[in-house]
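S.K.: TrEMBL lists these features:
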- Arg41, Ser49, Lys165, Gly166, Arg167, Pro168, His169: 3'-phosphoadenylyl sulfate binding site (BINDING)
- Cys148-Cys160: disulfide bond (DISULFID)
- 29-185: domain 'Sulfotransferase' (DOMAIN)
Amino acid sequence: MPRSLEGQITMEKTPSYFVTREAPRRIHAMSPDTKLIVVVRNPVTRAISDYAQTLSKTPGLPSFRALAFRRGLGPVDTAWSAVRIGLYAQHLARWLRYFPLSRFLFVSGERLVSDPAGELGRVQDFLGLKRVVSDKHFYFNATKGFPCLKKAQGSGRPRCLGKSKGRPHPRVPEAVVQRLRAFYRPFNLKFYQMTGQDFGWD
């Protein structure tokens, strides 16, 4: 990471850090004062979205159900990364061995869509920044189903999420969704307890 001068903040974004076993130790060794922002969303929706993205790159993939469960509707297959990533409490437990909870901000992926300015206000506060991003900086893009940033001064066009975001999800049978909800429920409740935040996924 480049050195930050007085009055600067250096940021880096890699979604896989939160679920990579070696990351907490390595980041702590680099800078124990690092602030960590983790965006989380309903793990069932997250798993289906993960599958949709993989399916777009790998047509002919087995069904979501076939990948999420062993032997039909047997046990949930936590070896499949789309399922394993949503076990937030397990990942956070590893991080808390190196960083206190006060170094984390957990951003709700759902609220980032429904109230982007509110969630970004929390991010600005957490980073000790003046609140400059507000509602006036966003508009809702009905095609994508996401809020987008209005064009910045001197910029030619608005900024929206890339092509890989906002794609339609495949239809997943309700029985599969309900089984996954039941599977994640105890992990979600543990995550709520650990973070002191109820994300309302249950």
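Each residue, glycine too, has its Cβ placed from N, Cα and C.
Predicted automatically and left uncurated, TrEMBL annotations should be read as such.
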S.K.: Validating a neighbour-count step here. Other CB atoms within 10 A of the CB of Ser49 (3'-phosphoadenylyl sulfate binding site): how many?
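M.R.: For Ser49 (3'-phosphoadenylyl sulfate binding site), the 10 Å Cβ neighbour count is 18.
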S.K.: Around Cys148 (disulfide bond), how many other C-beta atoms are within 10 angstroms of its C-beta?
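M.R.: There are 18 such Cβ atoms around Cys148 (disulfide bond).
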S.K.: Do you know which of the recorded positions Arg41, Cys160, His169 has the most other C-beta atoms within 10 angstroms of its C-beta?
M.R.: Arg41
S.K.: Within 10 angstroms of the C-beta of Pro168 (3'-phosphoadenylyl sulfate binding site), what count of other C-beta atoms is obtained when all protein chains are considered?
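M.R.: Result for Pro168 (3'-phosphoadenylyl sulfate binding site): 7 neighbouring Cβ atoms inside 10 Å.
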